Amino acid sequence: MAVPVYSRWDLIRFFIACLAGFLAGHLTNYTVILYAQDVWGRDALAGAGFALCFGVPLLLGWPAGAWCDQHSPQRIAQLAHGAFALALLALAAAHRFNQFGVPLYLLGASCAGVGWALLAPARMALLGRLAGAEQARLAVLFNALVMLGFGLAPLLLALARLQGGWEAVHGLGLGLFTLAALLLLGLRVPALGGDGHVLQRIRQGLGYALGTPLLAQALLSAVLIYLAMGPIQVMLPRFAQQHLLLGELGRGLFLGALALALLLGGALALPLARRFGQGRVLLACALVSGLALSALGAQSSLAGALLCLGLNGMGAGIAVSLIVALLQQESEARLRGRLLSLYTITSQVVPAAGGLGAGLLLEQLPADQALLLCGALLSLLFSLAAWRLGRLRAYRPALPAAGLDMAS
């Protein structure tokens with residue numbers, strides 16, 4: 001089968017679609033969290049909703065990776081856009097029909113989970129097919145867009161809510177998903193095919209990941225890093241409101257500051273890895289991220305909180321960028337979809353569990369104490385990882401020079 005050649009425009013529209021989808025996806029997540037917290041005043045329900053957003057992939061994420069290898073990942077991505085649209089429509093209905101609010105809210109969160117389970121591996125499989133020999137560099141750009149979407153979504157939500165209430169938030173999300181879907185139309189990425197039942201293909205992918213020590217250790221480090229995402233998304237809005245006494249826009253700007261830190265971390269990832277070694281930088285920055293999260297809980301001033309949030313975001317941005325680059329660069333093309341589905345399951349299920357735990361913890365402790373406790377636990381786990389993950393620590397590949405070449 002001839003290898004398709006993709007143009008600069010194909011890459012550009014893919015990355016624009018990714019940014020629109022990342023913004024809309026995280027906007028949906030924050031809508032689930034903040035609606036339960038601000039409208040209903042129920043932190044535990046916010047944690048449960050967030051757990052559904054990222055917990056559904058625990059079941060659906062396994063076959064999703066096999067589907068992305070066996071079918072066109074472009075089609076899988078479009079199915080995911082439809083699931084997200086249903087999620088936002090259900091959340092809009094929950095806002096409009098109060099008597100059915102909680103069931104519709106949980107339905108919307110579940111549909112968002114279906115969307116994440118399909119869209120995350122589909123995008124990464126598309127990247128692997130489009131990037132060709134530019135895997136490492138374009139993986140860093142891709143991950144920068146992930147972090148930009150994660151960081152800017154709360155700011156967009158705050159602005160939309162101030163202008164038009166929750167209806168504007170839902171409409172903005174639907175508009176962004178529509179844009180992402182339109183940009184992917186006509187992008188011809190043929191299926192790789194392959195024989196065997198989906199369960200057999202899942203077993204092949206799992207055996208490949210666990211049987212390759214470097215990949216297994218990279219996935220374990222991803223588990224630890226993403227364990228912090230749940231507390232960050234559930235606890236930070238409450239911390240900004242209760243402890244820093246920020247209003248709606250101020251809270252959105254505070255949470256949005258994380259985007260700048262994540263992007264800066266992503267930009268520094270490859271230069272630091274070339275200088276000090278990819279594995280060492282990854283593990284060291286993960287530890288810095290955990291320590292900064294713990295210190296954030298002890299801050300009483302906005303300046304101190306922003307400094308700690310910046311260090312947390314930069315550390316996480318560097319670590320996650322290097323994990324994504326490693327997985328893209330070291331994986332076999334025929335198994336990449338299944339390997340990356342394991343990564344995306346990690347990036348979704350682990351935050352879901354962390355978010356559920358964070359919501360329950362906020363019922364018992366104020367947000368500052370809860371952040372301090374979570375950060376201390378994560379710092380301990382990162383220290384153990386830096387000690388025990390020897391294959392990852394020694395990983396130092398030949399990395400490409402700085403700059404992203406998207407020429408046809």
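Each residue, glycine too, has its Cβ placed from N, Cα and C.
The domain 'Major facilitator superfamily (MFS) profile' feature in TrEMBL is assigned to 214-408.
According to TrEMBL, the feature transmembrane segment maps to 12-33 (among others).
As annotated by TrEMBL, transmembrane segment applies to 45-67 (among others). For the transmembrane segment (45-67), same-chain residues at least 6 beyond its ends with a Cβ under 8 Å from one of its own Cβ atoms are 28-29, 32-34, 36-37, 76, 102, 105-106, 109-110, 112-114, 116-118, 120-122, 125, 198, 201-202, 205, 230, 233-234, 337-342, 344-345, 348-349, 351-353, 355-360, 362.
Here TrEMBL flags 79-98 (among others) as transmembrane segment.
The transmembrane segment annotation in TrEMBL covers 104-126 (among others). Panel annotation: around the transmembrane segment (104-126), residues 14, 18, 21, 25, 28-29, 32, 35-36, 45, 48-50, 52-57, 59-61, 64-65, 68-69, 73-74, 76-77, 79-81, 83-84, 86-91, 93-94, 97, 142, 187, 189, 328, 336-337, 340-341, 343-344, 347-348 of the same chain, lying at least six beyond its termini, place a Cβ under 8 Å from a Cβ of the stretch.
The feature transmembrane segment is assigned by TrEMBL to 138-162 (among others).
Taken from TrEMBL, the feature transmembrane segment covers 168-187 (among others).
For 208-229 (among others), the entry in TrEMBL reads transmembrane segment. Sequence-distant neighbours of the transmembrane segment (208-229) (same chain, 6+ residues past either end, Cβ-Cβ under 8 Å): 282-283, 286, 289-290, 293, 312, 316, 319-320, 323, 326-327, 330-332, 335, 338-339, 342-343, 346-347, 350-351, 353-355, 374, 378, 381-382, 385, 389, 391-392, 395.
Positions annotated as transmembrane segment by TrEMBL: 249-269 (among others).
Sequence annotations record features per position, and here TrEMBL assigns transmembrane segment to 281-298 (among others).
Beyond its flanks by at least six residues, the transmembrane segment (304-327) meets 135-136, 139-140, 142-144, 146-147, 151, 214-215, 218, 221-222, 225, 228, 232, 236, 239, 244, 254, 257-266, 268-270, 272-273, 278, 281-283, 285-293, 295-296, 339-340, 343, 395, 397 of its own chain at Cβ-Cβ distances under 8 Å. Summarising the annotation, TrEMBL assigns transmembrane segment to 304-327 (among others).
Among the features that TrEMBL reports, transmembrane segment is placed at 339-358 (among others).
Residues of the same chain lying 6 or more positions beyond the ends of the transmembrane segment (370-389) and with a Cβ under 8 Å from any Cβ of it are 217, 220-221, 224, 227-228, 231, 235-236, 239, 279, 283-284, 286-287, 289-298, 358, 361-362. If you look up TrEMBL, you'll see 370-389 (among others) marked as transmembrane segment.
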Original post:
Between the transmembrane segment (79-98) and the transmembrane segment (249-269), are there at least three Cβ pairs closer than 8 Å, leaving out pairs fewer than 6 positions apart?
Top reply: no
**OP:** Using a Cβ-Cβ cut-off of under 8 Å, list the residues of the same chain that are 6+ residues beyond the ends of the transmembrane segment (138-162) and lie near it.
**Re:** 11, 15, 18-19, 21-23, 25-27, 29-31, 34, 123-124, 127, 130-131, 168-169, 171-172, 237, 248-249, 251-253, 255-263, 265-267, 269-270, 313, 317, 320-321, 324-325, 327-329, 404, 406
